[in-house]
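Structure, as structure tokens:
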Amino acid sequence: MSHVAVENALGLDQQFAGLDLNSSDNQSGGSTASKGRYIPPHLRNREATKGFYDKDSSGWSSSKDKDAYSSFGSRSDSRGKSSFFSDRGSGSRGRFDDRGRSDYDGIGSRGDRSGFGKFERGGNSRWCDKSDEDDWSKPLPPSERLEQELFSGGNTGINFEKYDDIPVEATGNNCPPHIESFSDVEMGEIIMGNIELTRYTRPTPVQKHAIPIIKEKRDLMACAQTGSGKTAAFLLPILSQIYSDGPGEALRAMKENGRYGRRKQYPISLVLAPTRELAVQIYEEARKFSYRSRVRPCVVYGGADIGQQIRDLERGCHLLVATPGRLVDMMERGKIGLDFCKYLVLDEADRMLDMGFEPQIRRIVEQDTMPPKGVRHTMMFSATFPKEIQMLARDFLDEYIFLAVGRVGSTSENITQKVVWVEESDKRSFLLDLLNATGKDSLTLVFVETKKGADSLEDFLYHEGYACTSIHGDRSQRDREEALHQFRSGKSPILVATAVAARGLDISNVKHVINFDLPSDIEEYVHRIGRTGRVGNLGLATSFFNERNINITKDLLDLLVEAKQEVPSWLENMAYEHHYKGSSRGRSKSSRFSGGFGARDYRQSSGASSSSFSSSRASSSRSGGGGHGSSRGFGGGGYGGFYNSDGYGGNYNSQGVDWWGN
């Protein structure tokens with residue numbers, strides 16, 4: 001045993017001697033500069049210039065690649081080559097390698113194709129490869145796979161001619177002139193190429209006015225409904241400016257803040273949305289318009305794994321889409337800093353306040369490090385802007401321009417609206433008749449009021465042999481995304497939904513919206529029927545009405561008259577008997593749909609004319625300049641106290657089937 005121990009000891013001595021920790025005369029080309037320096041075995045007997053240990057960068061580096069990662073202190077692989085180019089590197093080979101960037105947010109079922117090398121370690125490829133030195137306005141090489149993924153959906157069947165009749169108002173000092181074509185304003189090579197890939201032929205009304213306003217760096221409050229193209233209206237000019245200006249101080253602050261995944265991210269643009277579905281939708285649009293650029297969009301929202309979202313942020317974030325609650329969480333965790341946020345967008349602003357997000361919004365905008373108004377550029381978009389919310393906008397916007405765009409669908413008559421008296425007990429059988437008449441392959445969206453009602457109706461339709469699915473707030477994020485995927489793809493052409501899907505979801509080719517249960521306020525009705533007839537396409541909206549819905553009689557009547565829709569005689573009689581009390585139909589001073597707009601600029605006096613851009617359709621027999629200026633606020637049911645529920649049972653079933661227009 002002792003003999004073996006002696007041999008082992010000798011063997012170890014020989015091995016340590018081979019390491020030669022104290023002498024490097026025979027290594028590194030005999031350089032005296034390296035005397036006393038430990039040389040790893042795999043780098044011995046090489047020239048000094050091949051590799052060295054840099055005390056300043058705290059890591060092994062190669063001289064030729066030192067510039068690429070000097071700020072990161074990264075180490076090279078065994079060939080002296082930066083790990084940026086290694087299969088196991090912490091960053092991708094570039095933004096458009098063969099793995100692409102398919103799933104930055106980790107949502108959906110494609111999470112295995114992340115696009116950041118085989119082993120993701122929080123690498124930040126677009127922010128570290130000299131991205132502060134490169135020209136951000138120049139497009140990166142194309143990726144056929146990513147291009148197919150982002151743009152294969154296409155925009156088919158768009159009826160832009162219908163948009164010509166939509167009225168538009170712009171009020172404010174020195175309003176920039178609107179454009180007629182995307183080429184009328186300089187947005188750069190990247191944006192114009194992506195516009196061509198999305199097959200946008202010409203801007204929608206809200207884009208015609210909003211794009212030049214934002215390009216002029218003016219604050220904007222736009223009253224425009226979802227489906228009008230408002231998402232692109234703010235993404236296009238914001239991204240164009242980022243490409244033109246570059247990352248600026250945000251990149252330097254990110255590098256100085258920490259190393260690798262511990263870095264706080266400083267987005268250049270922030271978009272706030274009320275729901276996770278709308279946030280994901282905006283993020284997907286941002287991915288399209290940031291294709292072939294160095295801008296990396298990210299999305300964070302509640303109801304999903306925060307760890308995955310943090311890992312996604314750690315790879316870099318220039319444009320952030322977020323729900324208010326989750327963003328506050330990220331800020332308190334030290335993952336997001338708003339010090340260099342140049343562009344702030346509040347999408348569906350009325351909905352966010354309605355959902356109680358005002359404290360979080362004020363926390364984000366006013367009580368943190370976000371630049372003040374006048375320094376940052378702020379945009380608010382929504383389908384309606386009551387006077388109370390316009391007054392609130394004074395705290396966020398500086399010398400803003402108010403843009404009111406007529407409601408897409410109702411004003412342009414793209415959506416045929418039908419209101420049918422159906423007793424509560426007859427709704428299911430009537431729904432089956434509608435589904436049979438619509439056709440099996442047509443996408444049909446059925447709205448109900450409660451989560452329990454959604455599950456019950458889905459179960460009923462399933463047992464009746466219909467391919468259907470449902471979505472509501474109690475479903476997990478994965479279940480909701482899967483339901484939307486099944487619906488969009490046509491595998492389940494019937495989607496039963498609560499109000500969670502009514503706001504902002506961009507589901508193309510929905511042919512029929514059915515209000516199985518009418519909402520309690522007219523704004524929710526406008527959003528629901530806006531799921532069909534989107535972006536100029538034609539659609540049909542059918543609503544089941546009975547004594548439970550008397551509270552919206554007046555507003556529903558006003559909306560149908562304005563949109564030049566057929567008004568059932570029983571609805572006129574009901575509105576006359578229970579609310580108007582002798583005043584002529586449609587002349588209520590409190591009409592919230594005055595002139596075809598969801599709201600008007602409260603800064604304009606009630607007698608002043610503020611219409612700079614309008615069509616003949618904007619004129620109306622109804623008067624009143626308040627738009628949605630009543631003091632009722634949100635929640636609906638404002639007129640519920642004026643009505644009782646008796647006297648209407650079954651007296652209006654004589655409509656037959658000709659309501660469908662056949």
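For all residues, glycine too, the Cβ spot is worked out from N, Cα and C.
Taken from Swiss-Prot, the feature compositional bias 'Polar residues' covers 21-34.
Annotated compositional bias 'Gly residues' per Swiss-Prot: 623-634, in sequence order.
According to Swiss-Prot, the feature omega-N-methylarginine maps to Arg101 (among others).
Marked as phosphoserine by Swiss-Prot: Ser102 (among others).
Annotation source Swiss-Prot lists phosphotyrosine at Tyr104, citing similarity to another entry.
Summarising the annotation, Swiss-Prot assigns N6-acetyllysine to Lys118 (among others).
Annotated phosphoserine per Swiss-Prot: Ser131 (among others), in sequence order, evidence recorded as a large-scale study or a structure entry.
The annotation phosphoserine is assigned in Swiss-Prot to Ser181 (among others) on the grounds of experimental evidence. A simple way to gauge crowding: the CB of Ser181 (phosphoserine) has 10 other CB atoms within 10 angstroms, across all the protein chains here.
In the shown protein chains, 9 other C-beta atoms lie within 10 A of the C-beta of Ser429 (phosphoserine). Here Swiss-Prot flags Ser429 (among others) as phosphoserine, drawing on experimental evidence.
According to Swiss-Prot, the feature phosphothreonine maps to Thr438 (among others), an assignment based on experimental evidence. The secondary structure of Thr438 (phosphothreonine), as reduced to three states from DSSP, is helical.
The Cβ of Thr469 (phosphothreonine) has 23 other Cβ atoms within 10 Å, all protein chains considered. Among the features that Swiss-Prot reports, phosphothreonine is placed at Thr469 (among others).
Here the Cβ of Ser543 (phosphoserine) has 23 other Cβ atoms within 10 Å, regardless of which shown protein chain they belong to. Under the heading phosphoserine, Swiss-Prot lists Ser543 (among others).
Residues or ranges marked as phosphoserine by Swiss-Prot: Ser605 (among others).
Positions annotated as phosphoserine by Swiss-Prot, on the basis of a large-scale study or a structure entry: Ser612 (among others).
Marked as region 'Interaction with GSK3B' by Swiss-Prot: 100-662.
As annotated by Swiss-Prot, region 'Interaction with IKBKE' applies to 100-110.
The helix, strand and coil residue counts that DSSP assigns across the motif 'DEAD box' (347-350) are 2 helix, 1 strand, 1 coil.
Under a cutoff of 8 A between CB atoms, and with a sequence separation of 6+ in the same chain, the neighbours of Thr438 (phosphothreonine) are Thr444, Lys511, His512. The shortest Cα-Cα distance from Ser543 (phosphoserine) to any of the modified residues (Ser181, Ser429, Thr469) is found for Ser429. Under the DSSP three-state reduction, Ser543 (phosphoserine) is assigned to strand.
Across all of the region 'Interaction with HCV core protein' (409-662), the predicted model scores a mean pLDDT of 71.
Ser429 (phosphoserine) and Thr469 (phosphothreonine) are 19 Å apart (CA-CA, integer value). DSSP assigns Ser181 (phosphoserine) to coil in the three-state reduction, placing it in neither a helix nor a strand.
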